[in-house]
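Data block below; observations after.
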């Protein structure tokens with residue numbers, strides 16, 4: 001049952017509260033609280049620990065795995081140019097997956113108790129507390145679980161010698177995504193390209209939340225027509 005006029009208590013563990021918001025959840029979760037100190041998710045200390053990840057854990061854990069998979073294709077006889085092409089293709093595929101997941105899964109509209117709860121854990125928490133530095137990257141345990149079906153899918157769609165480098169490229173794309181995502185929230189870029197990327201992503205959080213689904217680039221937003229207009233472009237209309 002959804003409680004009528006339910007109010008979330010930000011001083012208590014949030015995960016099992018937000019579902020009670022019902023149809024009001026979407027409005028609530030897209031009103032960000034800008035604070036570097038994140039909320040508590042669970043009363044249980046073990047589950048709470050699993051939700052928090054320092055950004056540097058991602059490259060530390062996954063870059064050696066990337067090197068291992070790419071080296072498998074090297075040992076199977078592929079030349080350096082072939083490896084480069086496979087890795088770059090894997091990164092490109094990741095950017096499309098990044099866009100699709102963000103647009104069609106992370107921004108799905110929910111209104112029932114359990115769907116609200118699941119959405120909050122997946123992505124809603126990030127929109128509610130966008131500056132929470134310990135919940136900006138994907139927990140390694142969850143990544144490890146997802147790697148198995150994705151690698152098996154890559155093996156089905158390519159040859160045994162190509163699959164490792166393709167998967168390694170995709171995993172490298174994921175590492176680039178998570179590190180970039182953290183930087184866009186907490187870094188202070190001084191050059192044009194990262195400055196524009198930071199502006200583009202924060203625009204998604206604080207101005208137009210139903211557009212701008214890319215993280216590492218705006219490529220697929222341009223392809224699929226979800227690139228948000230700038231304020232300057234709107235004024236000239």
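Yeah, the Cβs are placed from backbone N, Cα and C, and that goes for glycine too.
Positions annotated as domain 'Fatty acid hydroxylase' by TrEMBL: 87-226.
The transmembrane segment annotation in TrEMBL covers 53-71 (among others).
The feature transmembrane segment is assigned by TrEMBL to 83-101 (among others). With a cut-off of 8 Å between Cβ atoms, the residues of this chain six or more beyond the transmembrane segment (83-101) that come close are 70, 73-74, 162, 165-174, 176-177, 213-217, 219-221, 224.
Annotation comment: TrEMBL describes 136-154 (among others) as transmembrane segment.
Under the heading transmembrane segment, TrEMBL lists 166-184 (among others). Counting residues 6+ beyond its ends, the transmembrane segment (166-184) has Cβ neighbours under 8 Å at 55, 58-59, 62-63, 65-70, 73, 86-95, 97-98, 133, 136-138, 143, 147, 150-151, 154, 158, 194, 197-198, 201-202, 215-216 in the same chain.
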For the transmembrane segment (136-154), sequence-distant contacts whose Cβ falls under 8 Å of one of its Cβ atoms, 6 or more beyond its ends: 50-51, 53, 55, 57-58, 61-62, 126, 163, 166-167, 170-171, 174, 178-179, 181-182, 185-186
